[in-house]
Amino acid sequence: MARSLGGGWWRSRKTLVGLGLGQLVSLLVTGTGFASSELSRRGISVPTSQSLLNYLLLGVVYGSILVYRRKPLQMKWYYYLVLGLVDVEANYLVVKAYQYTSLTSVMLLDCWAIPAVIFLTWMFLKTKYRFRKNSGVAICVAGLVLVVFSDVHAGDRAGGTSPVKGDILVIAGATLYAISNVSEEFLVKVGDQVELMGMLGLFGAIISVCQISIFERSEIESIQWSVDAVPFVGFAVAMFMFYSLVPILLKISGSTMLNLSLLTSDMWAILIRVFAYHEKVDWMYYVAFGAVAIGLVIYSGDSNNDDKRGQVAEATDVEGKLPDEEAAVDPKCQGAASSGIRQLDDGKTPPTVRPKERHAQTC
């Protein structure tokens, strides 16, 4: 009985930590969006350059820890190179899209990333989703649909200079975000968070510098580095904190939970509209916020998955496992793991803030 109560307390604690971290990450995304908006209003449009400082911070901070450890990489370096390329281009496409299409269209990014991550985790990580999880996802997406209708209803939709081009950029960026999120979930479970962040920062910075020298050199040279460029620093700091917290959330709750949590970033942006810009908000936005909150609670409320989350958080640090999100851990699988066989533990219920999920493996 004592063990049962202790296990229930631990599962509840893990769930609350996952929800809390998800909202902190969501607020950081809102901060990056606000910084990008301010830069755009001041005539500064250099998407890759905005992300460069973040990658440099990741490389310096986590790379220094890697050098201090003096241990060989747990994963091949070219995995991080590919991840860095995907991540840099995802950030570039999404920020670039704001120049061509409306805010409402860009908000659809979150909606597209969710099914994309779910598909990728189901296809490559063998994640299984229960009806309850799918219901939570559906309610969250329904909340974002209400957001879109709210903007249309309130007449807030700005057409953009080239909506079709912008929408294509958003869809492409969302797809790359999904790939990046699922890849990070895999790497953080079989590898190491510090290694992931350090190598992502290194290759992200190298790729960004190459891209800036080709596409953004003239824009960078024309920028007057005065107080108007301060949002650059705010963007970089928020992004650095976001990237640092994402692996922790992925390990606790998975990529799908991450992306579902990121849906609320659109809702937090409403607070900025109300209190910073003193704009009126349509009543449907509040209904949408409630729908997303309910969807998150439903999605994270599966006790079986929470059980596995506890196993993942403890086991991944030592060996890394790969249990199925929905199935109990087979004793034979545990024996294999203890004898040195690495498994990718997805002990969480479906997770790409942008959805991702877990991996399942049979002995």
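Glycine is treated like the rest: Cβ placed from N, Cα and C.
Automatic prediction, not curation, is the source of TrEMBL annotations.
Annotated features in TrEMBL:
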{"type": "TRANSMEM", "residues": "51-68", "note": "transmembrane segment"}
{"type": "TRANSMEM", "residues": "77-94", "note": "transmembrane segment"}
{"type": "TRANSMEM", "residues": "106-125", "note": "transmembrane segment"}
{"type": "TRANSMEM", "residues": "137-154", "note": "transmembrane segment"}
{"type": "TRANSMEM", "residues": "194-214", "note": "transmembrane segment"}
{"type": "TRANSMEM", "residues": "229-250", "note": "transmembrane segment"}
{"type": "TRANSMEM", "residues": "283-301", "note": "transmembrane segment"}
{"type": "REGION", "residues": "320-363", "note": "region 'Disordered'"}
{"type": "COMPBIAS", "residues": "343-363", "note": "compositional bias 'Basic and acidic residues'"}
Dominant neighbour of the transmembrane segment (77-94) in 194-214, 229-250, 283-301, by Cβ pairs under 8 Å
194-214
Using a cut-off of under 8 Å between C-beta atoms, tell me which stretch among 51-68, 229-250, 283-301 contacts the transmembrane segment (194-214) the most.
51-68
Give residue numbers and ranges for long-range contacts of the transmembrane segment (51-68): same chain, 6 or more residues beyond its ends, CB-CB under 8 A.
84, 88, 91-92, 95, 194-195, 197-202, 204-205, 208-209, 212, 232-233, 235-236, 239-240, 243-244
Sort out the residues at least 6 away from either end of the transmembrane segment (283-301), same chain, that have Cβ-Cβ distances under 8 Å to it, and list them.
15, 18-19, 22, 132-133, 135-144, 146-147, 149-150, 153, 253, 256-257, 260-261, 263-264, 267, 270, 349-350
